[in-house]
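Pulled from Swiss-Prot, these are the features on record:
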type: COMPBIAS; residues: 137-146; note: compositional bias 'Polar residues'
type: DOMAIN; residues: 7-79; note: domain 'CARD'
type: REGION; residues: 127-146; note: region 'Disordered'
type: REPEAT; residues: 255-285; note: repeat 'ANK 4'
type: REPEAT; residues: 318-347; note: repeat 'ANK 6'
type: REPEAT; residues: 377-406; note: repeat 'ANK 7'
type: REPEAT; residues: 410-439; note: repeat 'ANK 8'
type: REPEAT; residues: 443-472; note: repeat 'ANK 9'
type: REPEAT; residues: 476-505; note: repeat 'ANK 10'
type: REPEAT; residues: 509-538; note: repeat 'ANK 11'
type: REPEAT; residues: 542-571; note: repeat 'ANK 12'
type: REPEAT; residues: 575-604; note: repeat 'ANK 13'
type: REPEAT; residues: 608-637; note: repeat 'ANK 14'
type: REPEAT; residues: 643-672; note: repeat 'ANK 15'
type: REPEAT; residues: 676-705; note: repeat 'ANK 16'
Amino acid sequence: MGSTSFTNPYAIEVIQMKRSELVSGILNPEDLLDLLIANGVLQPDIRVLVSDLTVREEKNSRMLNILISRGERACRIFFYPCLKRAEPDLYQHMRTYVGGVNEGIRDARRQLIGYLLEKDKQGLVKNSKPERIHPKSTANEPNNEPLNKQILKSESNHHDAILEAISSGDLYLLQELTKELDVNSVLSSNDTLLHHAAEYGKEAIVYFLLRQGAKLDLKDKEGRTALHRAAQRGHTAVAVALAKAGADIHATDQTSKTPLHLAAQNGHEGCVKALVHEEKKSLKNQTTVLHMAAIEDNATLAEVLLRNGALVDAQDGQRKTALHHAVRHGNEKTAAVLLKAGAQVDSRIVDAAFQLNRKSLLSLFLQHVHESMSQTEINAALFKAVQRNLDAVVAALIEHGADVNSCNELGYTPVLLAAELGNGEAFKVLVSKKAKLDERLPNQMSSLHLAVQSGSIQIAQILLHKGIDPNISGPKDQTPLHLSASHNQPAMMALLLRVGAQLNPVTQDGFTPLHLASQNGHTEAVAQLLEAKADVHAKDKQGRTALHWAAEQGEVAIIQSLLAAGAYSNASEREKKTPLHLAAAEGHTKAVSALLAGKAKVGAKDMDGCSPLHYAARNGKERAGSVLLASSKSKNVDDKNVWRRTALHLAAEHGHEALVGILLENKAKINALDNNKDTPLHCACKTGHLGTVQRLINWTNGERANLQATNNVKKNALQVAEAGDTEAHENISTLLKKKMFLVK
């Protein structure tokens with residue numbers, strides 16, 4: 001049956017003949033594998049053998065090998081229903097092929113085309129047991145029950161005689177008995193003649209059966225091939241003969257055991273050694289039984305395999321060794337066996353170990369790293385151990401050659417990394433190993449800066465105890481106290497101040513720690529600094545005090561604390577803005593109220609003559625504007641800046657309709673003129689704010705908007721609107737014309 005020139009091919013033979021087309025044509029191997037498992041052809045654990053491969057064609061090739069080893073029935077189910085569902089076009093191509101090479105169908109139970117036609121007609125798959133193949137008959141016998149019973153009885157006696165011939169090693173008798181018999185006949189328990197010959201270790205009979213076309217991949221009821229039987233019994237010569245003839249060393253039974261598994265667990269080391277030797281000859285970059293042992297954490301099997309010549313660093317299709325699989329699955333026992341046997345430890349394996357973050361597994365590598373890894377790889381492992389705060393691993397790596405002061409591509413040393421992450425246990429080990437504590441990052445961050453930033457008081461205390469200056473300067477001249485203030489760490493600040501940190505150091509931008517705590521809204525840090533008598537009047541490069549920053553951020557509690565500590569509520573910065581200007585501009589109503597309660601001047605002017613009300617009006621901050629107006633009892637409602645603009649000009653120009661209404665209700669002059677003799681109505685028309693224009697021209701509670709007022713270029717509000725080019729300007733023009741009775 002091994003010939004490729006026949007007219008009635010079996011499913012196995014179709015796979016063999018069309019192997020290359022199937023390997024390249026199966027596009028969804030994972031889907032097909034799911035179907036094969038669902039239909040009982042393959043066991044779920046077979047998925048590991050296929051899924052470990054990354055190349056689709058390699059997956060397909062291995063899947064076909066496994067199918068062939070499962071026998072004819074498995075190959076039939078592969079075609080129908082599995083291939084038909086997963087790859088319908090490829091199935092149709094195969095069906096057309098087997099139909100074309102068959103001119104006549106004589107036995108639909110055995111020929112693939114008959115099987116496919118039958119199943120296509122039925123539309124479903126029926127589970128069937130492997131059929132018993134009877135001795136060939138030369139005469140046409142009538143199909144009647146009594147005669148069938150006679151045949152079965154005769155057949156039973158015949159089979160008993162065959163088994164006796166095999167068990168006794170009587171080759172001559174076997175030749176006589178099998179003249180009219182298919183050598184692949186299924187006997188009891190799905191056993192073939194080859195199964196029995198292999199189990200009894202009859203080498204000569206095995207060779208005879210192989211010459212007669214005995215199939216190597218047929219399985220018994222336990223899913224075992226003839227090679228399984230030979231290996232289980234320790235028949236080394238027979239096992240080697242079968243392996244050399246092409247038997248799959250990696251075929252698995254129903255318990256996922258290969259022949260090597262069975263030989264090893266039964267103590268047949270000679271057989272193990274021979275099969276390992278055959279495996280090494282036939283495999284290149286494929287999964288070995290040692291890989292399987294690593295995945296299963298079968299340390300005993302791994303020991304036997306290695307003792308009998310298995311290559312400890314053999315790579316599979318993904319270029320992974322058995323050690324890599326053992327580590328990836330967290331299988332410490334097998335990993336220990338592999339390491340003891342000299343398995344190479346590379347960076348990928350160390351990465352896999354760190355992914356599990358299991359200290360006991362990582363410790364297995366430590367005595368091997370110096371021999372197996374480069375200095376760069378050992379140093380990289382040290383950084384990983386520091387990152388995970390594995391103190392014992394850090395110590396062991398340093399003892400085995402890792403450079404405690406190594407620097408990675410980002411400029412970190414292990415000390416700097418531990419400080420930044422706040423990993424105190426790893427840091428203590430590094431200090432005990434005499435690591436340098438005064439190294440800096442490229443941006444000038446010191447280990448103390450990083451410890452403060454991470455909030456690790458433990459690390460900060462160690463550094464200060466070791467003599468690191470608490471006033472050490474970092475990026476932009478920031479001290480550790482600046483960072484602790486920025487990150488709201490009052491306990492850290494207390495530690496730094498206790499050991500002599502300066503209370504009011506300034507950065508390149510002129511910021512003190514109090515500035516940074518105030519602008520970040522850190523109430524606790526501000527309280528800590530004020531308790532230490534920090535300078536509330538200190539100004540940064542913009543001339544701002546801490547109160548300016550608290551006001552701009554709307555931090556009411558900090559504003560109140562600063563005022564209580566003596567901060568000047570009317571302090572002016574470089575542009576003459578007071579904290580009240582900044583709070584009003586941002587619309588922080590409660591902050592405005594707090595500052596006013598602290599005697600802030602509502603009419604204070606900046607360098608452009610703008611009051612806090614100007615800022616509120618420009619930015620549309622209605623509530624803040626209302627608070628300011630109420631505080632001054634509207635006395636400052638018409639204050640003008642250097643361009644003689646009132647708050648109403650700014651509110652109108654920016655289209656803040658509601659605020660325009662508030663200002664008008666507080667007696668703002670509706671026709672006030674700026675330096676260009678523009679009224680608020682001119683400003684609203686120029687910027688195209690229709691709602692604001694409506695609010696102004698419809699105001700009737702007091703002085704009304706002068707529609708005829710002209711500015712210094714002799715244009716009234718209508719003419720200003722007509723100069724605009726937007727739809728809003730057109731609508732304003734129409735509105736004004738109607739208001740002026742120029743149109744109906």
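Placed from the backbone N, Cα and C atoms, the Cβ positions cover glycine too.
Confidence across the repeat 'ANK 10' (476-505), taken as the mean pLDDT and rounded to a whole number, stands at 97. Packing against the repeat 'ANK 11' (509-538) from elsewhere in the chain are residues 476, 479, 481-482, 484-490, 493-494, 497, 503, 544-547, 549-550, 552-553, 555, 557-558, 561-562, 565-568, 571: each is 6 or more residues past its ends and has a CB under 8 Å from a CB in it.
Same-chain residues lying 6 or more positions outside the repeat 'ANK 4' (255-285) and placing a CB less than 8 Å from one of its CB atoms are 43, 45-46, 222-223, 225, 227-228, 230-236, 239-240, 243-244, 247, 249, 292, 298, 300-301, 304-305, 307-311, 314-317, 319. When Cβ-Cβ distances below 8 Å are used as the criterion, the repeat 'ANK 10' (476-505) is approached by residues 448-449, 452-453, 455, 457, 460-461, 464, 470, 511-514, 516-517, 520, 522, 524-525, 527-529, 532-535, 538 of the same chain, each at least six residues removed from its ends. Counting residues per DSSP class in helix, strand and coil order gives 16 helix, 0 strand, 14 coil for the repeat 'ANK 11' (509-538). Per DSSP, the secondary structure of the repeat 'ANK 14' (608-637) breaks down as 18 helix, 0 strand, 12 coil. Secondary structure of the repeat 'ANK 9' (443-472) per DSSP (helix as H, G, I; strand as E, B; remaining residues coil): 17 helix, 1 strand, 12 coil.
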